[in-house]
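The Cu cation binding site annotation in TrEMBL covers A:Cys78, A:Cys82, A:His166. If you look up TrEMBL, you'll see A:Cys78-A:Cys82 marked as disulfide bond. Positions annotated as domain 'Thioredoxin' by TrEMBL: A:40-205. Annotated transmembrane segment per TrEMBL: A:7-26, in sequence order.
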Amino acid sequence: MQRRQLLLYGAAGAGVLGLTLFVGWWRVDGPGAPEPKGQRPLPLSAMEFRLTDHEENEVGPGNLIGRPTMVFFGFTYCPDVCPTTLSDISGWLEELGDEASEMNVVFITVDPERDTVEAMAEYVGYFHPAIRGWTGPEDQISRAVEAFRASYERVPTEGGDYTMNHTASVFLFDAKGELVTMIDYHEPREFAVPKIRRALTEDVEGAT
Amino acid sequence: MVKKLRYTNALAVLLTVAGLSAPALAGSEDVVVENAWSRASIGVNRPGAAYMTVRNTGEDAVTLTGLATPLAMMPEIHESKTNSVGVSSMAPAGEITIEPGQSVALEPGGLHAMLMKLQEPMTEGENFPLTLTFSDGGKVTVEVPILGIAARGPEG
């Protein structure tokens with residue numbers, strides 16, 4: 001009798017535990033997970049910020065409309081993630097060949113204190129020639145990051161220096177300035193180029 | 001291919017020398033460092049990064065505790081991480097234990113030898129020595145080739 005009761009309790013307990021885990025999964029990682037707050041960038045046409053490119057031209061989101069666009073954030077004092085992203089992108093652009101010349105490719109620094117126009121010019125010079133480097137006053141950088149629903153944060157390091165945490169995803173927009181998709185930092189290479197091709201053709205397919 | 005072989009031989013000699021000079025060590029003499037590479041730097045103000053695979057061919061776990069190189073005053077193993085919303089950050093990785101037969105990859109976007117306070121610019125085509133220190137007191141020195149800034153791996 002007691003044993004049967006024990007079994008019953010055990011089964012009920014396991015059931016409750018299972019249900020709790022399932023509900024937890026559903027709400028945290030599963031289909032019930034809340035959309036990360038404001039994660040989708042604004043269309044380029046709704047963004048407002050003024051920056052300077054590495055050739056000292058005044059630039060803003062308006063300059064990007066009319067051609068498909070790839071945008072990413074970083075800083076030139078970044079030893080690992082940023083050169084990796086820039087060399088990955090250079091590789092994708094090489095793979096796209098002539099198609100790449102139809103795109104805007106913009107690297108926006110999150111560290112304007114150290115990334116002056118000259119610093120950006122020198123840095124982007126080592127990568128694919130299509131890559132433009134944008135910098136500017138802190139408040140404009142902050143507006144740009146906010147418009148992309150990205151984030152950045154200055155983090156002090158030992159020895160009085162600092163590093164920047166920042167969104168490492170690559171944003172892809174069509175020629176009308178609407179977000180097509182994003183390429184995550186750890187996404188396999190073979191997914192990236194097809195995604196870029198989608199951004200390149202979206203304005204044609206998407207025209208209704 | 002020939003270049004790679006020569007490099008492997010040089011490494012073997014280095015490792016043998018390291019092994020002979022400290023015969024009482026337990027573990028670190030069985031460490032093999034492969035495919036080391038780094039990217040050139042712009043000047044000396046920006047930190048550099050070096051990558052490699054550290055393999056423990058022995059029967060005891062080994063713990064990598066530190067780095068040393070004449071190239072940089074503050075070489076440290078750091079780890080880059082990207083969280084669920086795509087934000088990348090970087091922090092010192094601390095000590096790294098490698099179990100027997102296992103290896104640890106220092107590669108872009110993950111663990112890397114962060115070379116802070118460069119003493120001279122990292123120039124493409126040159127090499128620099130990097131010494132890995134283990135908890136048993138053993139040291140393994142590897143020559144790290146400096147590739148272009150836009151290099152994606154040990155092959156360039």
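Residue 1 is the first one shown; counting continues down the chain.
Heads up, the Cβ atoms here are built off N, Cα and C, so glycines get one too.
Under DSSP, A:Cys78 (Cu cation binding site) is assigned to coil, being neither helix nor strand in the three-state scheme. The average pLDDT for the domain 'Thioredoxin' (A:40-205) in the predicted structure is 93. Within 10 Å of the C-beta of A:His166 (Cu cation binding site) there are 27 other C-beta atoms, taking all protein chains into account.
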